[in-house]
């Protein structure tokens, strides 16, 4: 008796997303390290100088973490209430932060007590930054004002009162000492010049502004608010270049890659989008477990840190390139291994024993081997099989049809079992790779269960969905045939014109030749 031959499962190429250089680059991070903070992480900022520590603002504390440490190496807790927006100076030696009580505090990284305290705001300060000369601080608060402070003298220099709602974000120019930008809940983004004591450019974002980012060159400005990320050309007076709407909820933070070629945005929809700064299309996306409030990238994009509303700090480090020398070389077999048995001489009474290889059969193959056709079909109709490997289910249906027992395997099923079969047909009937097999199976099911249609509302609903799917597929086929007919007509017309022009050309040449002969 011949052995059982397992069912041949036809495999198909997986149609995944296109692998690009951005996909490889942004996927090259290790498994994230999660750190629990005391409250929602409202700001993350990396030091511009080595060793590239980063400051995390959460609740009433500011933690300084080493680049690869999971415990804070320093903590600033001299706040009466919630702390906001801790930001490093360009040299990485000073840190400035706002607070809920309206104060602005300046810290030395090597100390604990604040070096300076700037008092002047009457409400919470959500935005602070250092100017390009390193000796001034810009702050924006919920009292609708923007203030410029002098660090050496601890005095207020200027106050701007052009916003009509909370000032929640801001940044200073990296090139010009006198220019800085603020965003407000009054839907406007304003660029101020300390030399004129007023704003020089004002743009309308259209939503409460949560974050602003000025490119290092100072020519482009990015604003985030609502579901929109907008890019403005400041060299053309604040002209809108592009409006991006790729998030489903409010965008809360912005960040620029080290090369300046990629823009990152974080949102309450728990996603971080990566945009190209040339085409402004999404080139990659990160998913997180909670709504995102803050985002920062380390030097050379070696580390990406994301702060979330649930107090979780997610830290991803880039994978290090494995050295070839570090991989242990496989030991080569000894010489005697290759010459083993070379000089062996066969004898007349030797007995050759073949050890048959044991074949492992899948459960559905075992059922088919023992002619349990209904049980084999039940196994491949399990959700784990129909969703992950539908080609296995289709192959078993095809094998049962080849044996002529598909009708027997489908008959005698209750409401739940026939619903599973119909669900699989509805999900995969329109796929070209499965259509020939499943259409035949659908016809057999209709023939078997046509007398009992109308007795079960659940089954009747499935049949109606299947009917609508078939009608839609017929409409698609009709439209495709009409399109093919129009294309055939166009091709035929073009071919006729070309042949006519060739005949006319040949006729004219012959006429000229005859005239020449007669003359």
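Glycine is treated like the rest: Cβ placed from N, Cα and C.
Annotation comment: Swiss-Prot describes 2 as N-acetylalanine, evidence class similarity to another entry.
Positions annotated as repeat 'WD 1' by Swiss-Prot: 36-75. Across the repeat 'WD 1' (36-75), DSSP assigns 0 helix, 21 strand, 19 coil.
Per Swiss-Prot, repeat 'WD 2' is recorded for 78-117, and the stated evidence type is sequence analysis. Residue counts for the repeat 'WD 2' (78-117) under DSSP, helix first, then strand, then coil, are 0 helix, 21 strand, 19 coil.
The repeat 'WD 3' annotation in Swiss-Prot covers 120-159. Mean pLDDT across the repeat 'WD 3' (120-159) comes to 95 in this model.
Beyond the ends of the repeat 'WD 4' (162-202), by six or more residues, the same chain brings 126-133, 136, 138-142, 144-146, 148, 208-214, 216-218, 221, 223, 225, 232, 234, 237-238 to within a C-beta distance below 8 angstroms of the stretch. Per Swiss-Prot, the feature repeat 'WD 4' maps to 162-202.
Residues 165, 168-176, 179, 181-189, 191, 248-256, 260, 263, 265, 267, 275, 280 of the same chain lie 6 or more positions beyond the ends of the repeat 'WD 5' (204-242) yet place their CB under 8 Å from a CB of it. For 204-242, the entry in Swiss-Prot reads repeat 'WD 5'.
Annotation comment: Swiss-Prot describes 246-285 as repeat 'WD 6'. Assigned with DSSP, the residues of the repeat 'WD 6' (246-285) fall into helix, strand and coil as follows: 0 helix, 22 strand, 18 coil.
Taken from Swiss-Prot, the feature SUMO2 cross-link applies to 249, supported by similarity to another entry.
Annotation comment: Swiss-Prot describes 287-326 as repeat 'WD 7', evidence class sequence analysis. Same-chain residues lying 6 or more positions outside the repeat 'WD 7' (287-326) and placing a CB less than 8 Å from one of its CB atoms are 28-46, 48, 50, 52, 54, 56-58, 67-68, 70, 249, 252-259, 264-272.
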> Could you give the number of helix, strand and coil residues in the repeat 'WD 3' (120-159) as assigned by DSSP?
Replying inline: 0 helix, 22 strand, 18 coil
> How does the repeat 'WD 5' (204-242) divide up by DSSP, counting helix, then strand, then coil residues?
Replying inline: 3 helix, 21 strand, 15 coil
>> Please count the residues of the repeat 'WD 4' (162-202) that DSSP assigns to helix (H, G, I), strand (E, B) and coil.
In response: 0 helix, 23 strand, 18 coil
> What is the number of residues in the repeat 'WD 7' (287-326) that are helix, strand and coil, as DSSP sees it?
Replying inline: 3 helix, 20 strand, 17 coil
